[in-house]
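Annotated features in Swiss-Prot:
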MOD_RES   Met1  N-acetylmethionine
MOD_RES   Thr2  N-acetylthreonine
TRANSMEM  8-37  transmembrane segment
TOPO_DOM  38-74  topological domain 'Mitochondrial matrix'
MOD_RES   Lys52  N6,N6,N6-trimethyllysine
TRANSMEM  75-99  transmembrane segment
BINDING   Arg80, Lys92, Arg235  ADP binding site
MOD_RES   Lys105  N6-acetyllysine
TRANSMEM  110-130  transmembrane segment
TOPO_DOM  131-178  topological domain 'Mitochondrial matrix'
TRANSMEM  179-199  transmembrane segment
TRANSMEM  211-231  transmembrane segment
REPEAT    212-297  repeat 'Solcar 3'
TOPO_DOM  232-273  topological domain 'Mitochondrial matrix'
MOTIF     235-240  motif 'Nucleotide carrier signature motif'
MOD_RES   Lys268  N6-acetyllysine
TRANSMEM  274-291  transmembrane segment
Amino acid sequence: MTEQAISFAKDFLAGGIAAAISKTAVAPIERVKLLLQVQHASKQIAADKQYKGIVDCIVRIPKEQGVLSFWRGNLANVIRYFPTQALNFAFKDKYKQIFLGGVDKHTQFWRYFAGNLASGGAAGATSLCFVYPLDFARTRLAADVGKSATEREFKGLGDCLVKITKSDGIRGLYQGFNVSVQGIIIYRAAYFGVYGTAKGMLPDPRNTHIVVSWMIAQTVTAVAGVFSYPFDTVRRRMMMQSGRKGADIMYKGTLDCWRKIFKDEGGKAFFKGAWSNVLRGMGGAFVLVLYDELKKVI
């Protein structure tokens, strides 16, 4: 093996272990967020049984479904990390070369900005093509609120993928794909814009204290997450449609989903669970710290 291959393998392993630990640690927050996002589109949660908010959700889940149910869908989330990272590594430089080759970020800012969005969107869409079914299964398993095996819609990851494929074909595993790609581009635009502005306001960006850099990264991640959150809500709602027939289908398509959520639930509905998403983002910062520590050991 070449030195570059060994270095990649070490990074891949350290990143995977760090991601598995952090994703498992924040899985309960992630499940609360998903339930608040999709409960309106769930066949299992009656209107009078819907969760009133984050605290109500945290209190009721262990009572109604057991403590371990906080980690429903976490395995799919952990597995998803490895192909995503490998694909990002494979495509990232290629897309940067295509969209940003020969562009000077100092003299051609807007071209650099557009190229960054295009390369990020293209890399994200390419990775999503391969890992989207895992993201889909993660959402459906987290939204499954039955306590016993007989009450639950799916027995596990494999059962979820097989049942939906039998019912709707491969297409069923890709519900909400288009809006997911749009969300990636919006997230990158917000992240890139806010981060660039924040860094530009610092007196000496290159010699910024690590705590200040961490706080900026946290703030930027939170702001970008809130900006792109409605797209995440719509895609999760679309995921809930797979496996349904006739009158059970709530939305005719993505545009109809946007319209109905706004009309029936109001603009606030697009941001259900957004606060728990911000808390989960702190777990992302933990990953970076953990990743650096693991690299020292491996």
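Sequential numbering from 1, following the chain as shown.
Using N, Cα and C of the backbone, Cβ positions are placed for all residues, glycine too.
What you see is a predicted model, and the numbers here were worked out from it, not measured in a lab.
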Winner by Cβ contact number (other Cβ atoms within 10 Å) across the recorded positions Lys52, Lys92: Lys92
Where the residue listed as 'N6,N6,N6-trimethyllysine' sits in the secondary structure, as DSSP reduces it to three classes: coil
Sparsest-packed of the listed recorded positions (Arg80, Lys105, Arg235, Lys268) - C-beta count within 10 angstroms: Lys268
Contact set, same chain, for the transmembrane segment (75-99): CB under 8 Å, 6 or more residues outside the stretch: 8, 12, 15-16, 19-20, 23-24, 27, 30, 115-116, 118-120, 122-123, 126-127, 130-131, 134-135, 137-138, 141, 156-157
Other CB atoms within 10 A, centred on Thr2 (N-acetylthreonine): 7
From binding-site residues Arg80, Lys92, Arg235, the one whose Cα lies nearest Thr2 (N-acetylthreonine): Lys92
Intrachain residues whose Cβ lies under 8 Å of the topological domain 'Mitochondrial matrix' (38-74), provided they are six or more past its termini: 23-24, 27-28, 30-32, 137-147, 153, 236-237, 239-241, 244, 248, 250-251, 261, 264-265, 269, 273, 275-276
Length of the line joining the Cα atoms of Arg80 (ADP binding site) and Lys52 (N6,N6,N6-trimethyllysine), in Å: 30
Overall pLDDT of the repeat 'Solcar 3' (212-297), taken as the mean: 85
Rounded inter-Cα distance in Å - Lys268 (N6-acetyllysine), Lys52 (N6,N6,N6-trimethyllysine): 13
Residue distribution over DSSP helix, strand and coil in the topological domain 'Mitochondrial matrix' (131-178): 31 helix, 0 strand, 17 coil
